[in-house]
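As written in TrEMBL, here are the features:
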{"type": "DOMAIN", "residues": "7-121", "note": "domain 'Response regulatory'"}
{"type": "DOMAIN", "residues": "146-367", "note": "domain 'Sigma-54 factor interaction'"}
{"type": "MOD_RES", "residues": "Asp56", "note": "4-aspartylphosphate"}
Amino acid sequence: MPEKPIKLLLVDDEEDSRRSSAKWMARKGHDVVDVSNAAEALSLLERESFDVGVFDMNMPGMSGLELLQRVHEDNIDIEVIMLTGQGTVETAVSAMKMGACDFLSKPCALGDLEHHCFRARERHELKKENKQLKAVISRTRPAAKLIGESSSLRSVAKLIEKVAPTHKPVLIQGESGTGKEVVAQAIQQASRVADAPFVTVNCAALPENLVESELFGHQKGSFTGATAEKPGLFEIADGGTLFIDEIGELPLSLQPKLLRVLEDGSLRRVGCHRQRKVKVRIIAATNRDLQTEVDNGNFREDLFYRINVLSIELPPLRQREGDVNRLIDHFLPRSFHIDDTARSTLNAYPWPGNIRQLINVIERATILADEFEITLDDLPAEIVDYGHGPGNTREDAIGTVHPIAAVAVESAHPHDMLGSCNYKLDEVARVHVLEVLEKEKGNKAGAARKLGIHRRKLYRLLDRFNGEVDADASEPEAIV
Ligand SMILES: Nc1ncnc2c1ncn2[C@@H]1O[C@H](COP(=O)(O)OP(=O)(O)OP(=O)(O)O)[C@@H](O)[C@H]1O
């Protein structure tokens, strides 16, 4: 396979040797820019990225060594080969100490120049890969397998196969917990860049003022708190895939910047003039209707068309016939058994929180079950009672609030309780926990996170509160 061209910057005041080296390297297919002094080189490095720089050591004005020092101080991402007319061991050593990766004596054979540039580029790529891997390891979880055989999920699997080999953006739409991230990972794994980084970012989880620096990186000192330079997630994902979750939450002010990367792969870190180029496949996800966001002026139309080249609509779990059983069998540990009544109860429920909610319910049941046998007693009340209460419909369940939360919210508001001496600590805790759970629409993982406690502790608290509510609720119908 032919070697990828090297993006090379030649800096030498000797016109003849510089021009002939530049011509030779360009004829070999490399992308070469040549300049005659360090000042020009620095202003170029501000705007463009290069793989390798070949700097002449002795130039009038700023010397090659001083240029190397500036490259180092400004953290410019480039491998430098020093070039000198009077190569001595001492100058070579001082250049290497300052961060040059190689040293060439003038006049150097043009074949040698190319060979050394290839070596430097390899080192450049390895360093970049290393940086990416470090960042990616801390950001990605192992990909989950897409479980389910329903016809609606099979159609999604077919679409994944079709869109994966292209490098085009993909937009995945679906309710929360339907597996949008799992689908994004499946696309990446079936793509040509399966071994390259898969980096995820959730726009809703980041404070608005940090989204730009997280996505595009920042220069040291570009804002309070920017104590070191930082590459953005686009740079970390370079060559691979960036999964942008909750793209509907991307601030309007940043949307043109994202559009630019989608159009020509160029970006600038916050506080930096230098333009960088990246090649990243974007997969975006949203549980909002983006077209409506466009109509309401919250999302740019041009960006919507750019990311919506290929779109996948992920059906909610209630529209995946037979998949609840398959997911139960997949997620229930082998040592457990679920009885028929509990199984059919889970099948009848409409799962407003989709697969995430089902996984939580299964986890909870395995904690509560006696003798590894899961029965109705181990399922949450809202699931057991679903369909049994008067006027209980799928639609009610989809907008459901945890039943005991309803009781709590009717009783007192935590703000009213704070500072009052009329309540016991347990009562305040109960009202607060249930209010948070209500705000999280019954999502216990989310509620536990907000409360800063482990999910198991939340389950234990809910069971305790449930007992208390059962015992003291004067109107039993309130508890469903
Ligand atoms: N078909 C599936 N098979 C197995 N696990 C799944 C499937 N779909 C989702 N999951 C699991 O369900 C959980 C939620 O999935 P995921 O985070 O991908 O959902 P999401 O649609 O991105 O949610 P949100 O919109 O809230 O970010 C994860 O633990 C994921 O591994």
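Note: Cβ is positioned from N, Cα and C throughout, glycine not excepted.
DSSP labels the residues of the domain 'Response regulatory' (7-121) in these numbers: 54 helix, 25 strand, 36 coil. Looking at the domain 'Sigma-54 factor interaction' (146-367) alone, the prediction's average pLDDT is 91. In the shown protein chains, 23 other C-beta atoms lie within 10 A of the C-beta of Asp56 (4-aspartylphosphate).
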